[in-house]
Amino acid sequence: MLLRTVSSATAETTAALISKNTYLDFFKRSTSISHLAQTHAQIILHGFRNDISLLTKLTQRLSDLGAIYYARDIFLSVQRPDVFLFNVLMRGFSVNESPHSSLSVFAHLRKSTDLKPNSSTYAFAISAASGFRDDRAGRVIHGQAVVDGCDSELLLGSNIVKMYFKFWRVEDARKVFDRMPEKDTILWNTMISGYRKNEMYVESIQVFRDLINESCTRLDTTTLLDILPAVAELQELRLGMQIHSLATKTGCYSHDYVLTGFISLYSKCGKIKMGSALFREFRKPDIVAYNAMIHGYTSNGETELSLSLFKELMLSGARLRSSTLVSLVPVSGHLMLIYAIHGYCLKSNFLSHASVSTALTTVYSKLNEIESARKLFDESPEKSLPSWNAMISGYTQNGLTEDAISLFREMQKSEFSPNPVTITCILSACAQLGALSLGKWVHDLVRSTDFESSIYVSTALIGMYAKCGSIAEARRLFDLMTKKNEVTWNTMISGYGLHGQGQEALNIFYEMLNSGITPTPVTFLCVLYACSHAGLVKEGDEIFNSMIHRYGFEPSVKHYACMVDILGRAGHLQRALQFIEAMSIEPGSSVWETLLGACRIHKDTNLARTVSEKLFELDPDNVGYHVLLSNIHSADRNYPQAATVRQTAKKRKLAKAPGYTLIEIGETPHVFTSGDQSHPQVKEIYEKLEKLEGKMREAGYQPETELALHDVEEEERELMVKVHSERLAIAFGLIATEPGTEIRIIKNLRVCLDCHTVTKLISKITERVIVVRDANRFHHFKDGVCSCGDYW
């Protein structure tokens, strides 16, 4: 009897086990929600409704198939879910783009149960906070993980590092990484990727070097996919070739995506033939490989080849996805190719995807097709934060700063809140416009959102203050930053250069070198610019030579132009000419224009004729060269020749850009043109000018009229310079502000000699500091003296 009972119990247990294993097998093989629902019914029918292992597996499978709310209902049916089931549901919500719900499940676990979260629980919670872009929640969860002693687990550590990078908290990410007792390949890859995505390419490469040199961890294909874009951005061809060799040795090279990464690398380094050779190694290129090669051809000027390859892609029958188009659009720098892609998107209804329309908006803006960009933005049925950022950035890049600011204010009324990308774009617009009050308002917004910890936002703030005339505030913010990248240093150097403070710029440059930051070609450009506006010939010469011989950089046309400017402004015109003739590359119009400007400063008419002939050959439709040459002749009192140059420009219908000056009172910008009569306070403005004129005459002022039109009477010429836009703006500033208040104005053209003299006198008469930003630099007028030393 006992034997029969035992046998019966064993049989029932075996049947139950077989049945349970069968259900688990069903879950693995199920590819539809309806199939899983039928299996669920069978589980209930056969008495397994409370089997937590089966229900957990069912919840996981439903989540994988997107039936997250069905999965949630199963979770709710379990009377006492364990931590593993909580983890499964949290992961499911995150995977199905419901990070907020995942955080709610985590909160329920902590507050309503006696269960203790494990490292996986925290990893999923951190991932959810990152997905929901909840910086505060992420930091709180991190703190809870530390208290529970889970933060040293590798999966959790990688998720925390990834989250901090996503929130632009680069220093926090680095601290977590450094404190991890062990590091695996995933963690190293997360650091490399995080720096790269934050555009900190030098740091990304350094982490990669540390992985190779200091760690016993092996790199994998993901490592290469993360590091290659950083190497490409810095155009580090030699390092790229070393990584290519390493990839071959480690067996990672055979991966198609890695091969594609090398195509992009060589293309960005200008080695398009090497990229093309790699592309031919594909038996059947995928869409990503086509994208990389099309980009390579486009960025290297091979437009016909890029169009041909795009047609080949279309004829291949490949079905493009929205993600493919998003990656393809930004790299296509030719308008005809963009039209082709845009047409395909219209035909295939891809414009309904916010990511696709945003990508097209971005590329149209880069190609100066701003109206097409705005039309796409307005017609987009589903706007996103990136789409707002793309349009604001587009306006800023095209110099339409007022439109950028207007759209930013419109965005604030929408459901979207600005992120650091938005803030950086709008600060750039403020800098271009010279709108200090608006820039300060944005700075206040930054403080309220905790974006100041972002290295990019802080750098943008430094640039804004420098370009709006407040170099002291720019330096204060610079000194407060605990972490600086090469862009931060470059911005501060450039700011000092813009204000004519060359020695301060050099001091920052040497401080940068001492801090261990490697200068880039842009760094040298900023330093040379600063030297040119401070008359530092010897220092500029040394910097230029060190760039070539010590750091191995090949000078660009811009570097050569800066050296010509340094020599030319100092009066070394023949040496500047010899320097141009010895250049290893074609000088180009910018270099010759710089020398022509030096001819104007030092009144070398003969050399000016020779240089202008070169310029008229290179760029015959540039009215600026004609105006500059005419002014040189006028300064030499060769009025007939000046008239001939002007008549030539007139016959060619070349129009000079009208001059204007902006002054900001409160947060309201006021714009003046020469002889402007449109301002509501025009009567008071001209009366103020008349009073100032009398006081200046008493001080011995004589108008500089030699550059005014020679074919009018002297009295009329005096009147012409008397109503220049900067004088009207200064007069209005004197009326609209309290005595002793600093006046700041922005002029779109170079300030003329007479207005420069007048502004010095006004600063002395009114006992005001007057800051003028013209097309070249800043002038700080105080007590009758200008910071430029009359050297501009």
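In case you wondered, yes, glycine gets a Cβ from its N, Cα and C as well.
Marked as repeat 'PPR 2' by Swiss-Prot: 82-117. The repeat 'PPR 3' annotation in Swiss-Prot covers 118-152. Taken from Swiss-Prot, the feature repeat 'PPR 5' applies to 184-218. What Swiss-Prot records for 286-320 is repeat 'PPR 8'. Positions annotated as region 'Type E motif' by Swiss-Prot: 591-666. As annotated by Swiss-Prot, region 'Type E(+) motif' applies to 667-697. Taken from Swiss-Prot, the feature region 'Type DYW motif' covers 698-792.
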Going along the chain, which residues at least six beyond the ends of the region 'Type E(+) motif' (667-697) come within the CB cut-off of under 8 Å?
433, 435, 437-438, 441, 658-661, 720, 722-729, 731-732, 734-736, 758, 761-762, 765-766
Run through the region 'Type DYW motif' (698-792) and tell me, per DSSP, how many residues are helix, strand and coil.
36 helix, 16 strand, 43 coil
Using DSSP, break the repeat 'PPR 2' (82-117) down into helix, strand and coil residues and give each count.
27 helix, 0 strand, 9 coil
Which whole-number mean pLDDT does the model give the repeat 'PPR 5' (184-218)?
90
Count up the helix, strand and coil residues in the repeat 'PPR 3' (118-152) according to DSSP, in that order.
26 helix, 0 strand, 9 coil
